[in-house]
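Marked as domain 'NADH:quinone oxidoreductase/Mrp antiporter transmembrane' by TrEMBL: D:125-408. Feature annotation from TrEMBL assigns transmembrane segment to D:6-23, D:30-48, D:68-98, D:105-125, D:131-148, D:160-177, D:197-215, D:236-256, D:268-289, D:327-344, D:365-387, D:448-469 (among others).
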Amino acid sequence: MTPLNILLVLSAGLFFAGLFGVAARRTILMQLISLEIMLSGPALGFVAVGAYHGSVEGTGMFLMVLGLAAAEVALGLAIYLHMRRATGGDSDLAHRLRG
Amino acid sequence: MLAYFLLLVPLPPLGGFLLLALDPYRLERRAVMAVALAAGIAPLVLFLPVALGYFAGSIGDTIAPAFTLNFGQFEVALAMQLDALSAIAALTVTVVASCVMIYAADYMASARVADLRRFFALMNLFLAGMLSVVMAADSIVFFLGWELMGLCSFFLISYNMNSPRAFAAGRKAFVMTRIADAALLAGLLLLFLEATSVRIADLIPAGLAAPEQRAVVIAVLLLVGALGKSAQLPFQTWLPTAMAGPTPVSALLHSATMVAAGAILLIRFAPLIEAHPGVAAATAIAGVATAVFGALCAVAQTDIKRLLAYSSISQIGFMLLAVGMGAPGVAMAHFVVHALFKSLLFMSAGVLSHASGGTTEIRRLRGSAYAAPISFATYVVGAAALAGFPILSAGWWSKEAVLGAAVMAGPFGQFLWLVALGSAALTGVYAYRPVWSALRSPVEPLPAIKENWLAVGPLIFLATASVLGSFLVGPIVRTMGGTVPHAGLGVEVMGALAAIAGLIGSVVVSFSPVWSARIKRARRLRAGMQMDAIYYAFLVRPYRRVVHKLSGRNARKDTSHEAETDRTDGGMGDPVGTATVNLGLWLARVVTAPFVPDRFDLVTMRSTREVRRAGVWARRLQTGRLRTYVMAIAFGLGVLVILGWGMTWG
Amino acid sequence: MSWGFAIWAATLALAAAVLSVTRASAVHALLLLLASLLALGAAFFAMSANFAGVIQLLIYAGAVVAVFVFVVMTVDASETAMAHERKLLRSAWRWPALFVGLSVIPILFGIGGGAMDAGAPAAADTRELGLLLFGDWGVATELVALMLIAGMIGVRHLGRSLGPRLRERGRE
Amino acid sequence: MGLSLQILLPFFGGLAVLFAPRFGRDMERWGTVAVMALTLVVLLYSVVNGDSGRWLAFTRIDWAPSFGIQVLLAMDGLSAAMLAISAGLGIVCVFVSWHVTHRSAMYHAVICWTIATANGVFLSFDLLVFAFFWELMIVPAFLLIGLWGHGQRESAAMKFLVFNAVAGLGLLAAVFWMGATAPEITFDAFVLAESDYATWVQVLLLLGFALAFMVKLPVPPFHAWLPDAHTQAPTAGSILLAGLLLKTGAYGLFRFPPLLFPDGLMALAPYGMALGAFGVLYGAILACGQFDAKRLIAYTSISHMSIVLMGVCGGVHFALAGAGVEMVAHAFSSSALFLLIGALQQRTGTRDLRDLGGLQKTAPAFATSFAVFFAAALAMPGTANFLGEALVITGMFQVNWAFAAIALLSLIVSVLYATRLIGAIVFGKPKAATATFEDLKPHELWPIIALGAGTLFFGLFPQTLVGWLRPAVDAALLPLGVGAP
């Protein structure tokens, strides 16, 4: 039992909390918020591992995740604004891909 | 120098043929005549000096090579030769051919230009072929000419395109001679294999040196070839029907030259025949039998052309007899004499029948003697030669030589001599019959026809030759290296008596009502002992049945009209081919039968149904909702994590 | 370098996150998200990942949340909307909770996993980070940049004013 | 390289011909003529500049070395004669199909491709490539019959396809087996010829080869496709079938069995000769019973090609040389006869002998041409056909007199069917169909003259032909242990 273990479990917890949010919430905005939380989980994990091993790659990966999150948020919110006109922000109503 | 002169002899007729047959330009009637006559007479002009030189002894035996073939390891030089046989025969052929050509120019004067061209083209081609046969120094040129003659004979017999009978006659002649030609070809090829050379001079010693059995086979094959071409028993049936051709054709091809080529063949290869007594005897027997048979049938004929045809058969029988008796020189002499008088007979008979209104029936020639006196006179000369009128006619001398040769060949020959003597007597009986008929006063007077010099000139020449030919018999036999047989005065008197008996017999037959009635009734004999019917029943009809059975009734219905799509048009009458097709179809069916309700197919079809049902069920999973997918991912992730946990446990 | 503080801050972040995803009000959720991100930033500083911490504060907690704020301002925050939201959540939380729990339980056991050798813990050098990003990881960095550009273009595309016909279609 | 031109030129020429109509009227026809003439010129060049040894020209290009496949082309006199015939017949085909307007460009392209594939067969000595061309050859001929034929063209084309494709399997199986069992995978015929198979293996392999060749020849009982194919094919199709495709079968028999399976050939030769003898008579007899002129000639083809089979199986110098000569002669004479019958059908709309007659009066040029090839059909001395048959008969006399007798019998029967044919068409009174008959036009007459000249030239001066064929004949006899006579 090392600090790293605990930190990694916490990062997993962050991820799963976000996952629960994405799965449980029907409002698109809430799902986007949950996605942010999901992304921050791995970010914590990378930084923790990097710090634990004293290497710079952890931070590097964090930056990558950050870039991803930034792009995702921008696009996600744009899509949300776009879809709100049709669905009122409820993702379950946007089911044109139903089989 | 002379050698190449020899090669030139058959070229003018060949050129004439090419010009007339293949030249696309329209030729005038006179031009056709001119080309034909020039090409027909040129060989005589070319060959006469050579032949005279040969007889005078200033030119010896010569071989003129044309070109060389290189078959593998050995070479074959095609060549023409000048020896006693070719000199005599070629001279005879060129002389007779020239006469017939001149005569034909008159005889065919009323034909259409196109027909005229065809006629003269084929006559010229025939002449080239005949000259190659008699002058050939090797078996290739010999057979080339031999077959060309057969081809020309076919086309000339069926010259009258509108007449199915003429075509049938030509076809019959072609097939019959071709049967014999196949035998001849076999014989020549076997000789070639023995000698590994085609030069006739090499073939004969090689044939003599061949193993006994093989040599006999070769000799028999050559004999069969000769029998077929010469219309000897048992091939004789084609010649009488071949008279469907125009008279000049009958005169040149079917009496004087082509038919006698069988005799030329046997004379050429006489050493091979004589080397085997059995074959020689067979030759002699075939000759004598044909001589008697032909004479008997000729007596019963009512048609003058058919009568002459049977007489040709009979006379060539005499030639074969001579060859069989070991006297090819005598046969050669008879060949020459026969060529002269037989072409004369045909041509003058043609004029006579023209004078009596175009019929060839002997009965209706009445009075033609007065309408065409010159032709009648020449006919009488010819008939005398045919009947062997003692001393005055050439025919008597040559026939006496043949009979003498038979007598001198021992007891067997003397038996044959007796039979031949009977035949000679019968010859007289039929030879004069048309004469008596023509002399009778006509029922209504016939208009006198103008005897054109083109027609009469050759007749007079040939008549003269038939008389003066008496002096040729001896020299010919001697040139051929034989001796004129003198069997004693008794034998010669017997021969003369036979001829005179024939003359008396002909008077009896022509003027006695009993005998005329008998001849009228002798249908069997007139139809050549109905050999045709026998051949039809035993060869032609079975063959036709085989053909029909094999090609099937369907083949008869088979049609090529575009509109009709006949189901039978599938070669169904072809049993072997059909069998293969049916076997293939059967195999295909047997192989495919277990799969006809295709079980694999059923299984797959059923499973597709299930798959579709599964799909219907599975599409429910696709809600289109994001959350559902996320939950599915979460579930999967959970399962994976638990799995990974389990794997790293402990 | 204080592992204990880092763990504490991360625990706070987790708690804020859990709360955030269960709020009915978007404003509350966003504030809790902000709290979670700030706590994470603190954890980064505690782990001596100063550069990461700064970035976390400036970009995540700053820029990203600001964007959310603009959007949240357009959301209906009335009491009826809240009630509707609450009803939706109440009817939908069980299956997601089950699936997530499926994964969480094994991970919790991971706390007691074997120890790894710790390297020499040292403050990450920013210069070294730059060298890494624009040296060895150049391609990855370029890809991230490309992704950002794609995002930008995408947003421009989605955000443009639609013609009447397209607007009709969007309503279907 | 020069040899591959013999295949590539007609092939790409065919492709080019497809686009030729854009450049003007009748350009596809003249284009095909130009392609064929060019092929002939190239052939002439490579023959004149040929080596003096066993092969006039020899090309070896690796294709797929790991599978032992290579493009191995070799030409000797036999191949050269066949190539010359194929290009020449190509030109003839163009002229006789001057009336074809339906998809004319495609038609001429297919003619080119037939010739390209046949040339491939005549040149290839890599067995796999040979088999490839062998199978490929069926396709253009199939198209030619199936698309431009008469009457029941589809069924005839199918019959042709099924017979030849199935038979090709025998060849293919044998080739694959040989290639696979060779110590080092190869399909080089000359290398495989060195391998020492047991006699029974040779017999089996030879049966595979012979199946393909005998169906193409065709010899009874494998002949059922030929009369139908000939009957329904357009004139050019008949000419190519008779002049070219049948020859590939004969060529294959000539070339490969003695080279690859001498012992097997020795073992099977008597049966081959017996089959040939049967085919000679059977084809001739059936020809006598036909009423469809094309079908009649098709059966005579069967008869004549059976003579080739006899000659090849004879295994003596004369027989093989005769088979070679007969191949060439038959290419000339049967093509010409099909050309004439094609002209007849085009004018009168019928081939039924009972509806024809009297052409001597209405069409003298036609009648004269017909008479010439009539003479060739019944093997008149002076035509190349006679030379071929006489040589085969000579060879048969060296081998077995019974077979010689049967071959001689065919000479007699040939008179029956030939006179039947000429009697029904040329002789007699003109019937309704032939009362007005336009004589041969120049574009039909010149091919006839060329073919007739070939028949007579090789018949009267056979030295050229025999000399060309000699290396091939000697080479075929060498493995059989038969020296030159």
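Here the Cβ of each residue, glycine as well, is placed from N, Cα and C on the backbone.
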Practice task
Report, as numbers and ranges, which residues of the same chain sit near the transmembrane segment (D:236-256): CB under 8 Å and 6 or more residues beyond its ends.
Solution key: 78-79, 82, 85-86, 89, 92-94, 96-97, 100, 107, 111, 114-115, 118, 121-122, 127, 134, 137, 141, 144-145, 148-149, 189, 209-210, 212-218, 226, 229-230, 294, 297-298, 301, 305, 308-309, 312, 320, 323-324, 327, 330-332, 334-335, 338-339, 341-342, 472, 476
Problem - Contact set, same chain, for the transmembrane segment (D:6-23): CB under 8 Å, 6 or more residues outside the stretch - result: 31-32, 34-36, 38-39, 42-43, 73, 83, 87, 90, 104-106, 108-113, 115-117, 119-120, 123
Handout entry: Intrachain residues whose Cβ lies under 8 Å of the transmembrane segment (D:197-215), provided they are six or more past its termini
Key = 134, 163-164, 166-168, 170-171, 173-174, 177-178, 222, 225, 249-250, 252-253, 256-257, 260-265, 267-268, 272, 275, 309
Practice task
Mind pulling out the one from D:131-148, D:160-177, D:268-289, D:327-344 with the most Cβ pairs under 8 angstroms to the transmembrane segment (D:105-125)?
Solution key: D:131-148
Problem - Same-chain residues at least 6 beyond the ends of the transmembrane segment (D:68-98) whose Cβ lies under 8 Å from its Cβ atoms - result: 3-4, 6-7, 10, 29, 32-33, 35-37, 39-40, 43, 46-47, 50, 54-62, 107-108, 111-112, 115, 118-119, 122-126, 128-129, 179, 182, 184-190, 234-236, 239-240, 243-244, 247, 251, 254-255, 324, 327-328, 331-332, 335, 339, 342-343, 443-444, 446-447, 450-451, 465, 467-472, 475
